[in-house]
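Features of the protein shown, as given by Swiss-Prot:
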type: BINDING; residues: G560, M561, P562, G563, L564, G565, K566, T567; note: ATP binding site
type: COILED; residues: 411-434; note: coiled coil
type: COILED; residues: 526-548; note: coiled coil
type: DOMAIN; residues: 527-755; note: domain 'NB-ARC'
type: REPEAT; residues: 978-1004; note: repeat 'LRR 1'
type: REPEAT; residues: 1079-1103; note: repeat 'LRR 2'
type: REPEAT; residues: 1127-1150; note: repeat 'LRR 3'
type: REPEAT; residues: 1153-1178; note: repeat 'LRR 4'
type: REPEAT; residues: 1213-1237; note: repeat 'LRR 5'
Amino acid sequence: MYFNNELSDQKVCLLRELKNLKYSDDARDRINFFLWELKFLDCFLHLKSFPFASECGMLHVSQKMIDIWKSHCSKTINGTILYYGKVPLNLFVNWKKVIWKTKQEFRAQYSFPKTPLAANKVIDDDDNTHSPKFVMEVIDVFVENLNVLMKINDPCSWFFVPGHMKEQIEQVLKELKLLRFFVCFVSNKCSIQPQYRCTTFYTHALIEASHIAMVVWLHLPIYGNVNQDLAPSEVSRLFSDFMEMKIKSIQPVISRNNIYIDVLQALKSTIPQAQKKHAAESSTVEIPTHSLTVGLSDQMANLQEMLCLLRDNLIHLPILDLEFHLQDMDSVIIDAGLLIYSLYDIKREKEDTVLDDMNRALGLDLPRNIEPIKVMVYLVMQKAIQCNLPKVHGLGYVDFLLKNLKDFQGRYSDSLAFLKNQLQVIQTEFESLQPFLKVVVEEPQNKLKTLNEDCAIQIIRKAHEVEYVVDACINKGIPHWCLERWLQDIIEEITCIKAKIQEKNTVDDTMKTVIARTSSKLARTPRMNEEIVGFKDVIENLRNQLLNGTKGQDVISIHGMPGLGKTTLANRLYSDRSVVSHFDICAQCCVSQVYSYKDLLLALLCDAIGEGSVRRELHANELADMLRKTLLPRRYLILVDDVWENSVWDDLRGCFPDANNRSRIILTTRHHEVAKYASVHSDPLHLRMFDEDESWKLLEKKVFGEQSCSPLLKKVGLRIAKMCGQLPLSIVLVAGILSEMEKEVECWEQVANDLGTHIRSNSRAIVDQSYHVLPCHLKSCFLYFGAFLGVREIRISRLIRLWISESFIKSCEGRRLEDIAEGYLENLIGRNLVMVTQRANSNGKVKACRLHDVLLNFCKERAAEENLLLWINRDQSTKAVYSHKQHAHLAFTKMDNLVEWSASSSLVGSVLIMRYNPYFARCPLYAVSHILLNFKFLKVLDLKHQVVIDFIPTELPYLRYLTADIGQNSIPSSISNLWNLETLILNRRSVVHKILLPSTVWDMVKLRFLFIPNFSPENKKALLKNSPNLDDLETLSYPYFARVKDAELMLRKTPNLRKLTCKVKCLEYLHQYHALNFPIRLEILKLYRSNAFKAIPFCISAPNLKYLKLSGFYLDSQYLSKTADHLKNLEVLKLYYVEFGDHREWKVSNGMFPQLKILKLEDVSLMKWIVADDAFPNLEQLVLRGCQDLMEIPSCFMDILSLQYIEVEDCNESVVKSAMNIQETQVEDYQNTNFKLVLIEVHY
């Protein structure tokens, strides 16, 4: 809508005067009020061509108001501003009085127009002001102006309207919006040439909207209006009467065969093809639904329920799916409208008419008329769920569903009673398909791979639907008739899937042997310390720059396109033994495109001084100062990987002091400008492409390992290597494909043909191909990495817990889910899709990994396409979220506020806060706890990054994974409502006070991982007597044991623990060395003392323990000797802050630690260490830190043939000397070329 020319000129003049002036909030309020009045007047003037505007006085009052403005107000206002040079507070007061007086004069005279509609027709001609669009624009202006009154709550504002009147305005707004939606619906469905009935309806709509706007304008707002002819209560009553008599769109001016019936009948006769967006469609359903509420809600409740369901689900349909059903929906909406308006017409004539009388009068069979609406409602609801399901998912979802079906039928037997038979059939059907799903996982490369995977995905999608139906039944969100029909359709579809499987003989031929067979495809042998291929000349030159060159600090910048191997090359140099031994400190960080300055500093400090010494609560500038002081006296090597901008180097370089001691920094970047900007002495290195020989050697190495390729394969292999464009990333990805295939020429030729046409022109093509050949059980695991954008390293323990909670891991009888998940990961590593960044020293298991940026971005984009993952940025608008499929199975966010998009995500399965945000550190995110209740299907909630919640959401029955910071010292007993929970990680900012754990936690029998710092059971007697065992619990962290009995009790309740971290206090059995029997499967034990005592009150008995850490205790040789008798499988022993008794002496006898591989002593008060020759026969690593009282390392370490590594830091000279003697003996006498000695001198 545009202003009338006269008004527009005056408005422009006024705004020009106000533009450069300063004015108060009160003045601004009055200016806005003035503009609000002008906007109403402009609309009324636009209606001057219609007879009804003159008849009711609308045109007359509007024109008079304009004359008043031109003759009095405009000159007064402009003159005042010119004179005073500012906006006085009373500027509009006099003019406002004039306006109100004029309104009073016309209020009593104004009446609803009686001119026949035919005389007021809106004609859709060349004049755009006479069209349905014009009607909607008029309504939009009225709605916008009325919304202003709804938003103002300040009683001093000129716009203020009391609350009881706001309720009336709110109802007016609702009616205007419904009327506007109906106009939109009719105009969208009309044929190109407008029909008489439609144009009559447009006029009717325009008259109604204009009339209500005039009434509102004449009476509101009332603030500051003295000598009113109506009191506020009378104005309120006027609105009530008006609402009853005039505005209801269901009450037409023409009774019987009214406008609404006429226009709907006209549309029904010629329903056109779908044209417009689905948003208008869902809103249009509101019209007959609302009419039902007003007129016949007592007799038409079922119809009302169906139309509400239709409205609520339309918004969740993608455009393409909606347009497919649009014509049918048009028919349903029109039929519903005709039915309702016809029934209302009869009832209005005769108030006591019953439903049967109406049916006879109209010749209707109401149940039969409602049936098509039922069908459409069901189809739309079903489609709204199906079209938003993930296109890929883990095959473990059926396992989760089957467990839940049993639990739900037990917990909600009354609600599910009417579906009991169908649910039992579905459960039986899914159980019968379990062997087939095992085949899909264990034989991914058989000849029926594509068919099997298609069927598997269909099965998983049906499992999702069953879950939704069961939940809807329990929560009474969908009528029973719809649920029964849905489950019956699911049963029939599962039957069809089974028939398809059996038709192709996949069940009969392969299921018989699947249980007895373990596939080698699930896992691979870990590849340790792989030698880098290629770039030998480059490595030698860079090594020389690192070890020699300028005496001052130097930056070695490596730049080049993605996939060249910059990071691999830099890491190769960073871990080179000759390089590492040259520097006192080595530290690295990965920047990426999105980074946190504090995270970078923490990463560097953890490498420089050890993770345990880093104070994470410090601010970034404090951490930077700590890093600078740590590096200053030493020669250091820093690796800064993947720098995108000069500003990153500006942030970091102040932390790297130049002590003129040949310190070096390796920097990798894609951009030459960044490399040049960071360079100091050495010129940036532009990393070249591989040559043909290097390309082939890398491909051969990745496919065959230490073996060589046959001559027949080499010919086609050389061609494939050349096709990769001399890009190392492409080569290793293709090698990952080839390594999964038979070593046959035909297979390799097929790969060459698949790659040949597009790999050179599209770098993503090879990634697409690598993804395409993945087995379906690995696709979701791989795409899940897209959630970790900007993460330097991904901890495997966390990744695997998330995979399990997401149902990506298919269970296998006799195997732990964690072990299966590790097999999946090794498979992805073997395909060169995942890079290992850290392995455990003792057993070689992967501890951390990362993806190349190219692969990471692919995962993010493809996961969005597959509706698996939706990454939402904090500044992303709600509209952008709605543009995606609203029910992506996973949602990841960096937003401060979940409110804006939570309403569209009720079916989301996961919410993860993936990056630190200062907002979260400043204050609790109170909204989160309440908003999370909207995510009723939530299975994973990871609020790890300093999101403090004010209470634990316990109404999420599907939740399997919860990580958050909490503010309270106790946990509610209602936490047991989270009966599906498997991982529970709750942190507190302060751990001074113990957290009380309710006894109901022990009812959560599915728990596998429990981490709560410094917790203590609330009711120990209840724990002993009433609670079940937590048989699935494998990791328990930070219980506080005040007595040995408490520890014994908890250990009895957790018989299958594998990892335990705890604090102990009690002094019982101090001199008796009472043996505390830990669970038989326990492999990792970390014990910390409380501040109250030093001695360990028990002897540790754990026959399968492999890792033991003791911190802060008083120990003696006798205690350690007795403990060692029960720990014959111990591989790692770490003693921190330990005080040795017996004159600070430790005697280790023969055979005491027969399997020990790693021994670490840090800040221990040990002076004399006596070790028998055969005490550590398999020791590989010895680390001594802060052992300043130790006299020397026993000489028997010279003869330990398995020894590979000794690290000495902050110890006296005699210890350093003995370490060097051991090195000499190991290397020169025993030719132990793998032995490495690291000496770190601490400067204060």
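Including glycine, each Cβ sits where the backbone N, Cα and C put it.
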Taking every protein chain in this structure into account, which of the binding-site residues G560, P562, G563, G565 has the most other Cβ atoms within 10 Å of its Cβ? G565
Cβ-Cβ under 8 Å with the repeat 'LRR 2' (1079-1103): same-chain residues at least 6 beyond its ends: 1040, 1044, 1047, 1051, 1054-1070, 1073, 1109-1115, 1119, 1122-1123, 1126-1129, 1139
As a test of the contact definition, list every same-chain residue at least 6 positions from L564 (ATP binding site) whose Cβ is closer than 8 Å to its Cβ. L687, M689, L727, P728, L729
How about long-range neighbours of the repeat 'LRR 5' (1213-1237): same chain, 6 or more residues beyond its ends, C-beta under 8 Å? 577, 581, 1184, 1187, 1190-1193, 1195, 1197-1199, 1201, 1203-1207
Which of M561, T567, the listed binding-site residues, has fewest other Cβ atoms within 10 Å: M561
List the same-chain residues at least 6 positions away in sequence whose Cβ sits under 8 Å from the Cβ of K566 (ATP binding site), in sequence order, or say none. I558, H559, G560, D641, T668, T669, L687
DSSP on P562 (ATP binding site), three-state: which is it? coil
Three states by DSSP: which one describes T567 (ATP binding site)? helix
